[in-house]
Amino acid sequence: MSHPNVLLLGAPGAGKGTQSRRLVDEFGVEHVTTGDALRANKTKDITHLDVEYDTPGAYMDAGELVPDAVVNEIVKTALDDADGYVLDGYPRNESQTEYLDSITDLDVVLYLDVDEDELVGRLTGRRVCEDCGATFHVSFNQPETEGVCDACGGSLYQREDDTEETARERITVYEENTAPVVEYFREQGVLAEVDGERTPDEVWTDVAAAVDERTA
């Protein structure tokens, strides 16, 4: 049985992590994120790409943006190794979008649409497990024990970039960069827009239906 290839788009706080985990559980796909792929390949030799540093980790350690050529190759390797995937955190610009379209066949592109003020509220109240990455919220989805992850018992913390000012900056940058990506896939006829301002279960109903429809 083949598994679907899903691209998940949405601003920070849109609920991509929650929906990605459910896609993994329901459809048996692999969750591929740019960050995880880069961290797993920190020491990969990239001298053949004719870039400044010899490994992806060198860019990360220097706090510099990893070039598209490097990110593209790392993502391609991760997708090639996956029997179905949900891709999150890539592509981030038009160049990466065109590259992705050239190396894989997407069954559906899901865009979680959430208003900016709602996103800010979600981000500033978000708490993340330092061990397993599970997310909770001070206003909704609270853990059973304050400060403790329900899933693994790890400690919960607030990310440094989850302040209101930083959250709005992140959202603005994301929307500026991703608007052309969304439009690209809309024109390709593979985009499914989902109202992300509802409960996770309600959002999931539409997410699962969109994947089922495109892979039937």
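Placement of Cβ uses the backbone N, Cα and C atoms for every residue, glycine included.
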Annotated region 'LID' segment (source Swiss-Prot; candidates 125-162, 163-200)
125-162
Would you identify the secondary structure of Gly17 (ATP binding site) according to DSSP, in three states?
helix
Of Glu64, Val66, Tyr90, Cys129, Cys149, Arg159, the binding-site residues lying within 10 angstroms (C-alpha) of Phe136 (ATP binding site) are Cys129, Cys149
Within 10 Å, the Cβ with the most other Cβ atoms among the binding-site residues Arg92, Arg126, Arg159 is that of Arg126
